[in-house]
Structure formats: structure tokens, C-alpha cells
Amino acid sequence: MATPMVEDTSSFEEDQLASMSTEDIVRATRLLENEIRILKEDAQRTNLECDSYKEKIKENQEKIKLNKQLPYLVGNIVEILEMNPEDDAEEDGANIDLDSQRKGKCVVLKTSTRQTIFLPVVGLVDPDSLKPGDLVGVNKDSYLILDTLPSEYDSRVKAMEVDEKPTEDYNDIGGLEKQIQELVEAIVLPMTHKERFEKLGVRPPKGVLLYGPPGTGKTLMARACAAQTNATFLKLAGPQLVQMFIGDGAKLVRDAFQLAKEKAPCIIFIDEIDAIGTKRFDSEVSGDREVQRTMLELLNQLDGFSSDERIKVIAATNRADILDPALMRSGRLDRKIEFPHPTEEARARILQIHSRKMNVHPDVNFEELARSTDDFNGAQLKAVCVEAGMLALRRDATEVNHEDFNEGIIQVQAKKKASLNYYA
């Protein structure tokens, strides 16, 4: 389509030139030469302006580099204001305040030297990216904001983040299939398949309480959950939140949840929560009141105005009977998962899990060993496997046989208060 039009245009110009006289052609040529000369002068002037602008930019960058020399003064954004200068301001006077005529956002900040500064010119940071509470680095003399700084957290909270993911798997846990399913439904599925809950219109639980006798696999289950999800894992211990100074424990809880929001999706695991979650009572001792304040801060973070659905809490305890009812109610730790003593079938499975990397004789009967370990928990069954291996090592054997396991049961049972019948 375009080729015939080009041919028509060129033929029209040829016809026009053919109809023009020689003087007209010379005049048109001079006009074109003048236009070309003017355009060349404009291009040359534009290039010179570009060079001068580049020089100015380079000078300004050098000045900025000089002004941005470390160290900075640290400050906090207190308030962000919108400047609207009056329209009827005097324009012909000599004493016009230029700062009062500026439009845009201004900042009130508080420095680490306890000075409150109003900045009509923000500095080198985009004002739209700032919000109250942000930590910024400012110039020591002009107080202009030079850079934004990362949020400040307690160093103890930063140490709670588990950088190396645990290596445990659900296959390392024996006899707790029902508990694994409940934990996956409450913690893992809302993070990996959130759309399934939205389709049903169901709000997933905020937290899970794992309770049961010692050695039944509560902490092991939390470690396996951390290994199976891509979420950040924060591990807190209940005694770690009990601090000497007033308000210190509550600040740790607050900083932990704030860090979890920035790292979301995140799982917070609080082991031995009975250290801070005991029932409240009237006490004149300041230490007891401080523990209660720490628990109240935990309750506020669980269901306060600042709660976040991308943060899940797993709490573990072996004394669920002494926990405060406010902590146990629905909406906070919604799902309670009990970890009972393992059954006979579960004990056989646990013994097989802990001995799968050992060189075990084929004649070892794990079902018979499970019948001999009535009332043993998971930790004691692991101790049985370790003792059996040590006994085989003591007699220079290359395999662990059934008698070694029986001797291991005897040694572990001797350390228990209750007497057990270890023969089937």
C-alpha cells in the first residue's frame, strides 16, 4: 500500500520541478540551505547545553558525595506534613521566605541528640517513601535526610531467627500421624494453599498449642514443620522472655512479632510457654507482675489491632493445666494438639526410626521390644537405641542384636522411678 503512494509523491514533485523556472528552483534551493543551516545551529546549541548540564550534574554529584560522608546522625521520622503556601503571598517584596513558598511534603524528625527538627526540604530521599517511625541518617550540620536505615531490632530477637533450616522430616516422627495432620492443616496449609481457605470462606487458626508429657515429640514436630515450609522460623524460649528490667520482656515479644511481619510469612515457635503463660494471681512481688505483663503483650500481639494472618504461632508446654485461660481461648491458640504416650504400634515405629541408621541384626523383633517398653516416651525409646549401640560397641560387635536392645531397656528402665515389666 505504501509503495504506490511514494511513487505518486515523487512523480508529483518531478512534475512540479518541471513546471518551475530556473530562478524559482534556485530560490527554493537557497531557502532549503538556510533552513538546514538554522537546524545545524540549533543542534549545535542543544549539544552545548547538554554538555553544560552534564557538567552541572557531575558537580552536583560531587557535592552530594562530599555531603554524604559517613558518619551520619541517626534520627526518627516523627511526622510528615503537606506544605500549602498561601496564594496571596507578596511577590514584590525583598524579604520573602523561600521555604514558606515551597510546595510538597515536609518532615519533622527527632535526632539521637534529642533535638526535634523541622525540615522544609527533605533531602536525598523520596518523601513519598517515608512514613512516621522510620529510621533515617541525616547530615550533622544541615539535618537533611541522606539515606534510610534498616529497622532497629533487639539483638536478642535477631538471634532468634533460625537461619539454617532443621533437617527433621515428618518421616522421623513415629506414631503421631493424627497430630501431624492437625498441625499441617492449621499451620502449613494456610501458607501454601491460602486460596482453599478463601474459597470456603474459612479463617485459619492463628496459633497451635502442643501439649503433653515430656519427651513425646513436641519440639521435634515444630522442627519438622519448619523444615517442610518455606516460611521464616523464629524460635523463642519462654524463660528467654523473662527479663530482669521492667518492660524488657514485653519489648522482646513486640520486636519478635515486628520482625516476623517484615519476614512474613513466618512461624514463631515459643517453647516452654508455661514460663510466661501461667494463670494470673495477686502478687506483691514485682517479678511476678513483670511475667504477667509479658504475657499480656503476647495476648495483644496474638489478636490485637496489629495482628497479621501471615504470622503463625506454635506454642509448646508440658503443663497445659497451669496456663492462663485467656491464652487458651479460641481466637488465640485455636487448636490444641495433645501428644500422649505412644501406643505399642507407635513404640515399634519409633524404635525402627531411631535404629534405621544402625547396623541391626535381622533377628531383632521390634514388636516384642515395643511390648517390653510399656509407658516409655519417644525420648526414652531413643535412649534405648543409644544404650543398645553402646553395649554392642563395648563387646566389639559389628551388629546390634536383640539382647543388646533388651539390656538397653533394662538400663533406661532403671533410671525411671516406676518399675516396668520389660519382658513380653
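Here the Cβ of each residue, glycine as well, is placed from N, Cα and C on the backbone.
Swiss-Prot has this to say about the protein:
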BINDING   GLY212, PRO213, PRO214, GLY215, THR216, GLY217, LYS218, THR219  ATP binding site
CROSSLNK  LYS235  ubiquitin cross-link
CROSSLNK  LYS279  ubiquitin cross-link
CROSSLNK  LYS416  ubiquitin cross-link
MOD_RES   SER19  phosphoserine
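Swiss-Prot feature annotations superimposed on the structure.
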residue : record               : Cβ neighbours (10 Å)
SER19   : phosphoserine        : 8
GLY212  : ATP binding site     : 20
PRO213  : ATP binding site     : 14
PRO214  : ATP binding site     : 12
GLY215  : ATP binding site     : 20
THR216  : ATP binding site     : 23
GLY217  : ATP binding site     : 25
THR219  : ATP binding site     : 17
LYS235  : ubiquitin cross-link : 20
LYS279  : ubiquitin cross-link : 13
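Residues GLY212, PRO213, PRO214, GLY215, THR216, GLY217, LYS218, THR219 make up the record's ATP site, and a Cβ search at 8 Å around their centroid adds ASN318, PHE339, ASN377, GLY378, ALA379 from the same chain. Taking the C-alpha positions, the distance from GLY215 (ATP binding site) to LYS279 (ubiquitin cross-link) comes to 24 Å. Ranking the binding-site residues GLY212, LYS218, THR219 by Cα distance from LYS235 (ubiquitin cross-link) puts THR219 first. LYS279 (ubiquitin cross-link) sits 21 Å from PRO214 (ATP binding site), taking the C-alpha atoms as the reference points. Between the alpha carbons (Cα) of LYS218 (ATP binding site) and the residue listed as 'phosphoserine' lies a span of roughly 101 Å. It is 106 Å from the Cα atom of the residue listed as 'phosphoserine' to that of THR216 (ATP binding site). Reduced to three states, the DSSP call for LYS279 (ubiquitin cross-link) is coil.
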